[in-house]
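Taken straight from Swiss-Prot:
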- Leu73, Gly104, Leu123, Ser124, Ala125, Leu126, Thr127, Leu128: S-adenosyl-L-methionine binding site (BINDING)
Amino acid sequence: MKLQLVAVGTKMPDWVQTGFMEYLRRFPKDMPFELTEVPAGKRGKNADIKRILEKEGEMMLAATGKGNRIVTLDIPGQPWETPQLASQLERWKQDGRDVSLLIGGPEGLSPACKAAAEQSWSLSALTLPHPLVRVLVAESLYRAWSITANHPYHRE
């Protein structure tokens with residue numbers, strides 16, 4: 001199983017790149033984790049936000065692998081504690097399909113992305129900046145993997 005993070009935005013601050021890459025390099029070879037970035041639409045005073053969301057959504061869905069399980073990152077999604085996420089990761093592995101996790105831009109995800117999702121995951125009831133979500137998702141998935149592999153990274 002391959003994990004794919006599909007995220008809106010291509011110019012992240014150095015701390016985001018550094019944090020994300022730190023966890024990305026830790027993933028085992030039998031569970032590759034990759035980042036696919038789609039460009040954010042131009043937002044200005046007269047921007048058509050609905051159209052921007054639609055376009056970003058189209059690009060995100062086009063970037064996912066055919067047949068991939070799509071999981072959105074969204075506030076109203078299912079909150080998982082770390083052991084629950086580890087169990088979820090195991091179920092995804094048993095399913096045999098690759099998993100694409102979608103992170104929207106400043107206004108969130110398009111209705112098409114939400115409709116295509118088999119699952120929706122809520123990291124927090126807080127509104128989080130989408131660059132930070134990249135790092136949190138990578139760390140959370142690495143921690144979940146460490147539980148399933150009996151790796152000492154996670155401590156109860």
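From the backbone N, Cα and C atoms, a Cβ is placed for every residue, glycine too.
Projection of Swiss-Prot feature records onto the structure.
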residue : record                               : Cβ contacts under 8 Å, 6 or more apart
Leu73   : S-adenosyl-L-methionine binding site : Leu101, Leu102, Ile103, Gly104, Ser120, Trp121, Ser122, Leu123, Val133, Val137
Ser124  : S-adenosyl-L-methionine binding site : Ile75, Pro79
Ala125  : S-adenosyl-L-methionine binding site : Ile75, Pro79
Leu126  : S-adenosyl-L-methionine binding site : none
Thr127  : S-adenosyl-L-methionine binding site : Ile75
Leu128  : S-adenosyl-L-methionine binding site : Leu136
Practice problem: Would you find the one among the binding-site residues Gly104, Leu123 whose Cβ has the most company, meaning other Cβ atoms within 10 Å? | Solution: Gly104
Self-check item: Largest separation between Cα atoms (Å) of residues that the record links to S-adenosyl-L-methionine, namely Leu73, Gly104, Leu123, Ser124, Ala125, Leu126, Thr127, Leu128
Solution: 16
Quiz item: Where does Leu123 (S-adenosyl-L-methionine binding site) sit by DSSP, helix, strand or coil?
Solution: coil
